[in-house]
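Feature annotation from TrEMBL assigns region 'Disordered' to 1-245, 652-695. Taken from TrEMBL, the feature compositional bias 'Basic and acidic residues' covers 29-54, 164-173, 662-671. The compositional bias 'Acidic residues' feature in TrEMBL is assigned to 84-99, 124-134, 141-153, 178-191, 226-245. Residues or ranges marked as domain 'SAM-dependent MTase RsmB/NOP-type' by TrEMBL: 334-622. The S-adenosyl-L-methionine binding site annotation in TrEMBL covers ALA426, SER427, ALA428, PRO429, GLY430, GLY431, LYS432, ASP450, ASP477, ASP494. Annotation comment: TrEMBL describes CYS551 as active site, nucleophile. Marked as compositional bias 'Basic residues' by TrEMBL: 672-685.
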Amino acid sequence: MGRRAKNKQAPPQPLEPKHASSSKASGKRKADAALDRGDEVNSRPTKKAKDAKPKAVKAAGTSSKKVVVKAKPESSAKVASEGDSSDGWEDVDDSPDLESETRALFRDEDDGEEGWTGFSGDLADFEGDDDDDELLRGPVEELDLGSDDDDEVPVLKSKSKKSKQAERPKKIIPDASSDSDSDASEEDDEERVTMANMEARSRALDAAAAAEAELDAEELQRAAEAGEDDDDDDLDMDVDGDADEVDAEPFHLPTAEEREAEEKAGVPDVLVVQRRMRECVKVLGKFKKRAEKGRARSEYISQLVADIASYYGYNDFLTEKLFQLFPVAEAIEFFEANEVPRPVTIRTNTLRTRRRDLAQTLVNRGVNLEPIGKWTNVGLQVFESSVPIGATPEYLAGHYMLQAASSFLPVIALAPQPNERVLDMASAPGGKTTHIAALMQNTGVVFANDANKARTKSLTANVHRLGCKNVVVCSYDGREFPKVMGGFDRVLLDAPCSGTGVISKDTSVKVNKSERDFTLLAHLQKQLILCAIDSVSPESKTGGYIVYSTCSVTVDENESVVDYALRKRPNVRLVDTGLEFGREGYTQYRGKTFHPSVKLTRRFYPHVHNMDGFYVAKFKVERRTKATAAKDASGDAVEAGVAVDGAQGISADDVGFDSEEDRPYIEEGKRKQMKAKGLRPRPRTKAPAVVETAA
Ligand SMILES: C[S@@+](CC[C@H](N)C(=O)[O-])C[C@H]1O[C@@H](n2cnc3c(N)ncnc32)[C@H](O)[C@@H]1O
């Protein structure tokens, strides 16, 4: 049969659907809605069929890394014949049923008017970093259809519909790219963040921020030297130095009474709020020069935070918490970025295929994609697709996982090795577990644990779909480790968290998180991280590492937890994550000082890296020496002599919690365990300590 399937694939329908209404038939999935909102990033120039000649698309060749889709099926065939043996494909593609099913899927989205346009991209794009991409291994496993409920399955559509991004108000903080003249320009396209240029942009942003900070410091110095007089020559320049709005009415910060009256009157005018935010940012940028006489900085901040909350729809508590993370202007960028969906990305499952083969096949199906960036050799960014990307035959056959780019990071940092024993402590639905299994080339063993039994169903389904044969699924509260099992070479703790890094995906976070949630979550995270550390064998010949990650950007859930672990476990130290980008973790934050090595941890932000907000820390676990044990004893930590490879004999007390502080949580945990066993726990005396988790 050879490569018949590859070359005789059902011709995908053209990229532009005839009837916008057809999209309705596909059901309004979450990702659809997100895309309908309009995605500045996703609306970047895409690799389209040459013949389709999209009007608003930048000319090809702006990026040397781009894969251009051309109407040249013969070159596609050439590519296929040059490819390596990929026996697994035939099992999938030769099936007439699957072929017709695929056609039906295409029809669902697109009423094609043009024939198939093939692929003649530069395969080097997919080759460069693929050295360790694995050949297909073994036959395609039995497919598990439809149990991937936790996998987000975006249905990318051609951009025939008017983007709602256009309806969104203009940026709160104007910058060079908000210049109306440049809106549709190529320069503007080039400004956009893609996964590929993100790393360089991030560095440039950091450098610009540092330069700006230096200038600010110089300016402050000059202002101090010149005295207060230069208040008089205020030209109402904006933050970027433009003299806009010079003719507009001078900005007046509402008084407490005016704010109250506005609140009583109901929802404030959106344009008023927009302008006020912009003005507050300007004033806070140069307070001495721009503030109204007699008004305090805190008044501007309070107004700005209130306006952000109402404009973006957050509760006051979370608005303030997130606002505090950034300099004022950057905070707005962060809130803005949360309104825009992140790029759709997939991870090639190297147990089943290679990235370039997968890319070729998906391009043949009408998917526009390109490699994510140099930092990953398995990721692909999907720009548009005329087929539901979560229902292609390749998806069903486990050739890829729909996975946010940020989710690759903790696994890259973990760097699991073949034949190791690895614990994924909070693993459902298995995006990272299956990545770990693939990096271990289906050798060794990965214990994929999740406390939520219901969620282990989708975990198991993914493990099967992706053909992972070295995975054991289990369901314990992570805090039961290492009692149930220990001595691992590596442990990944992708902790349950508030999800403040993934607000663009789950907007409910904006309103459903309270102070109590953060307290409880941080507590759970601290308990889990100690158990994760204690589950690692310091004797491991190849490893002895733990990676802690969250999809949250708050310090409580990240640096505070890591710092706590360092204090409680003197036998661990932070090491470089090995990640090429990301901002350094905070070593000081709002009066708290963390261990200087916390700098080695990495933060990722939607507005900087165009990926979900994420945090990654990597620890090396050392043997307990007398010195570290003594250090333990002098601190408030654990008893000396605890077996750290410790499958045996470790109790909650051993792992060093403050048992008084922890008592309500421990009791709550026990209540849950009893309930899970069908027993009725004693009634509570106090309010329950319920922890909500973000997947
Ligand atoms: C961020 S999600 C994990 C996502 C997963 N690592 C992946 O990549 O697909 C956090 C997980 O922690 C689980 N979880 C919550 N509390 C837990 C606990 N005490 N022990 C173990 N798992 C827990 C939740 O059920 C949830 O599936």
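Each residue, glycine too, has its Cβ placed from N, Cα and C.
TrEMBL: automatically predicted annotations, no manual curation.
The structure, with features from TrEMBL marked on it.
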residue : record                               : DSSP class
ALA426  : S-adenosyl-L-methionine binding site : coil
LYS432  : S-adenosyl-L-methionine binding site : helix
ASP477  : S-adenosyl-L-methionine binding site : coil
CYS551  : active site, nucleophile             : coil
Alpha-carbon distance [the residue listed as 'active site, nucleophile'; ASP477 (S-adenosyl-L-methionine binding site)] in Å: 20
The compositional bias 'Basic residues' (672-685) - residue tally per DSSP class, helix then strand then coil: 5 helix, 0 strand, 9 coil
Packing count at GLY430 (S-adenosyl-L-methionine binding site) (other Cβ atoms within 10 Å of its Cβ): 32
Long-range Cβ environment of ALA426 (S-adenosyl-L-methionine binding site), under 8 Å and at least 6 residues apart: ASN449, ASP450, ALA451, GLY478, LEU493, ASP494, ALA495, PRO496, LEU528
Average model confidence [pLDDT] within the domain 'SAM-dependent MTase RsmB/NOP-type' (334-622): 98
